[in-house]
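Beneath this line is the structure, given in structure tokens, with notes to follow.
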Amino acid sequence: MIKRAAQVKLIDEQGRRVDGRLPDEMRPLRIEVGKLKSADGSAYVELGSNKVIAAVYGPREVVPRHEVIPDRALLRCRYAMLPFSVAERKSPQPTRREIEISKVVREALVPAVFLEEYPRTAIDVYINVLEADGGTRTASIIAAATALADAGIAMRDLVAAVAIGKIGNLLVVDINGVEDQYGDGDMPIAMMPRYGEITLIQADGVFTKEEVKRALELASKHIDEIHRLQIKALKETYAKIEEGE
Ligand code: CDP
């Protein structure tokens, strides 16, 4: 049976969400750096039930050669959801959705990378979603930006992201799968926090001008906190290397 939004109670009498969170509360976020020894850089991100791993290879030779850009690096991103990552098995073939997410994740990262430092090379970012529960593109951006930094790629800033949702007239932070499915809007936002620069904004659903303004303020606050966790995860890794672990 197809459930309609009205049949799924997304906010209870206490103002709590389906997973007990308050509107302005993110799911727990865990970032681990350098999990993959064979990659030049990697990061594993858990955002609630989402589990995402990003691996970076490069700067390296561009194959096929005709894709070489003479004055900067070619940044390529591939986002893939593993067949067992969602309730209904997903075919391993890239879907339109995965192709779209690969494109927007790449566009969210490009402004942060000094591509001109690496002419005639390729930097490849492979993102795999092991488990999905709404917000995989934002978790992917967090993982990919951290993995790029772990690979030692020169960057203006890390990129952090969060999706703001809409339930009725209420804006909520970091929507999960159920809220994404039955809610009234989804606005993933990515930023370079040091510059306050937006590198991705998408919207599914109808948001008023006032709601967009509030969504950006809300996202910015949480993005600052995510940015802090990215830096902490990177620092912890390098502290371990110094200690000889
Ligand atoms: O993951 P994100 O919110 O960035 O993208 P979405 O296209 O809005 O997808 C929302 C959620 O739908 C995903 O995170 C998955 O939990 C779920 N989904 C699914 O169950 N099966 C698919 N084939 C695609 C998405």
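Glycine residues also receive a Cβ, built from the backbone N, Cα and C atoms like all the rest.
TrEMBL: automatically predicted annotations, no manual curation.
The domain 'Exoribonuclease phosphorolytic' annotation in TrEMBL covers 25-153, 157-221.
Secondary structure of the domain 'Exoribonuclease phosphorolytic' (25-153) per DSSP (helix as H, G, I; strand as E, B; remaining residues coil): 41 helix, 44 strand, 44 coil. For the domain 'Exoribonuclease phosphorolytic' (157-221), the DSSP counts in helix, strand and coil order read 19 helix, 27 strand, 19 coil.
Here the domain 'Exoribonuclease phosphorolytic' (157-221) has a mean pLDDT of 97 out of 100.
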